[in-house]
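Quick look at what TrEMBL annotates:
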- 368-379: compositional bias 'Polar residues' (COMPBIAS)
- 43-293: domain 'ABC transporter' (DOMAIN)
- 355-405: region 'Disordered' (REGION)
- 485-505: transmembrane segment (TRANSMEM)
- 517-539: transmembrane segment (TRANSMEM)
- 559-586: transmembrane segment (TRANSMEM)
- 593-615: transmembrane segment (TRANSMEM)
- 621-642: transmembrane segment (TRANSMEM)
Amino acid sequence: MAHQHQHNGRHAGGHRLETVIDMARQQPEKAAGAGRFGFTGGLEFTSLTYTVVKKQRGAGGEWEKKDVDLLHEITGYAPKGCVTAVMGPSGAGKSTFLDALAGRIASLDGRVALDGVEMSPSLIKRSSAYVMQDDRLFPMLTVYETLMFAADFRLGSSVSASDKKLRVENLIEQLGLTSSRNTKIGDEGTRGVSGGERRRVSIGVDIIHGPALLFLDEPTSGLDSTSAHSVIEKVHDIACAGSTVVLTIHQPSSRILLLLDHLIILARGQLMYSGGPKEVTAHLSRMGRKVPKGENSIEHLLDVIQDYEQSEFGVKALAEFCLTGLKPPKLTATYGAEGLSTVSSIAQTPMMGLGGEDFDHSMRSQHSRSPWSGVQLTPSRRPKHKDQHGRSHNPPGYSSGAHHNHRYTPEIVMGTPTPLSSAYTVNEDDYLTPTHRAAPNATGAPGVGINALGHRGKFANSYVGEVWVLMRRNFTNIWRTPELFLSRLMVLTVMGFLMATMFTKPKDNPQGITNRLSFFIFTVCVFFFSSNDAVPAFIQERFIFIRETSHNAYRASAYVVAGLITYLPFLLLQSATYAGIVWFALKLHGQFLYFLVMLYASLLSTNSFVVFISSVVPNFILGYAAVIAFTALFFLFCGYFLSSHSIPLAWKWMNTVSTMKYPYEGLLMNEFDGDRVFATDPIRLTGDDILRQLGISTVEGRKWRMSNVNYTPIVTLALPTNSTI
């Protein structure tokens, strides 16, 4: 009979009542049910394995491909309403494991479930928030504006503006950001919020919609002790509001350890421990390792892991102990010529009877199953039942002969699911959301559970709504950082005056024709080079784009369209300024509107090309190098040095893809189209004659078709940008 004490309550003296549940009494057919024991649920993961192919040198010195498990058969859970910390030495696979839980790894084997419901990677992304290690925020936005834009993206039009403001205000208060509410985020060149406040803003951006899951990758990285404790304290408050929180942390302080409810310790991609921080000492005792007086038990466990990793047995012995209870071989410290080292004191026994000392009967793999998961017990792992007098006996259908004849082997128990905690008992109150945690969501939003996910669309806003919010944010950033466009406007203004004074009123002779050709090609080059300063600006913004679109804050195409619409008036102002200066000073021919349209199209296509390059290179140094290289190629094949008819056949395609060709030829067609005479000595040359000699068409209407072709790169470069950034 299962003995079940009262739970979810406390004595008057404040002592917690424990509920001890006999796991053997649970029915297997309820395995898929969540909350069978009254648990509030959480994230459950089973047999997570992530394998990559690496090239390694074989015995003969030849390179050969080998499958390597970055994660190997990790099974466990993260309780709801608790802070679960993933720890381990460097290279343990902590970040990989977090990415696996967050649905950011495509080729992952295993099962991830939330509240008993299996989750696909896309569903996990919709129901979770992922706070990256690096804080990627717009430096010129204030804390309030950053969170308000996040609310517009994640909450959508279904939530009124007043409710969004209320939710943001509540979140600012919850995260302790009231004093810095109207302070800009800042960066290296602009003073803003502190490092701890910046990290809390990053967390707030991702929890504004009340996610069911919150993943944080090294949230204390780069912070001092006080700021790190403040961040984890706020994360703990978020968990108390009902979210399932999983974070990676390298070396927490003693104060931070008090805020961690559940630990998952990894080494070499394998599970070393899963359970409460207070149970680490008992775990070590079952291994036969006592914690020295005054030493932290978690740090001692990490030292033990390092000892085994450097031994001949490796961490696999500890992983098997974590899974099956088979004690790892003992290690002793010896002094050799190379200093202190650890060696095994006994040979590993591959087969051990159930009654042997190397098998810990109290250790029933606290980690392979969550308390709400059903279990199937093999005979070798079935607990003994006790009668009403306390005498133990075998469970029904399990004879003593089977017990004596059965011998333990790793192959039998490696895949054997085992229940939680020693003696098949669990302390339910450890994984219940206590009554003091049942407060309403501090963000002002109702908690998002798995049942609510089916009613939520992939995107919170309509396409037009996303474009509108992105445009508002873009205009705010441009207004706060006008240097980019003002510097470009200043360059084009200065260059316009230089060109106007150098090529003033070109004469109608061969030298005048040459001056006009030089003016037009230099104009195209100036417009192309003036967009190069957008390389570092977009690369910095790209990381924010990746973070926001990874959780479906908006569509990638909406981002491209919003950026294009936002920059249209600024690029038009730059084009009009240059055109107004040089057109009248040089007394150019043709249509002024067409001249302006071609300059405008040139600036748009060039800007699109630079954004495309920025989206496919890892840093701005390579971005500058790529832009300069392509600029040189486009300049060479634009038709100025060699006409399109004179370019070798093998290089014709470069003339076609050159983004300088179309504005250059379009400007020449506008200037020389018609029968106007541009030279009489030594021969008479009309505009059509000049175009024919340059290999440019003189067909009527071709000029505006050239304008349409000039706008084509804006679309063709935006489409691949849509999928690569």
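Just so you know, glycine gets a Cβ as well, placed from its N, Cα and C.
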The domain 'ABC transporter' (43-293) [mean pLDDT, rounded to integer]: 87
Highest-contact recorded stretch vs the transmembrane segment (517-539), from 485-505, 593-615, 621-642, CB pairs under 8 Å: 593-615
Other parts of the chain folded back onto the transmembrane segment (485-505), taken as Cβ under 8 Å at six or more residues beyond its ends: 478, 515-516, 518-519, 522-523, 526-527, 530-531, 533, 570, 573-574, 577-578, 581-582, 585-587
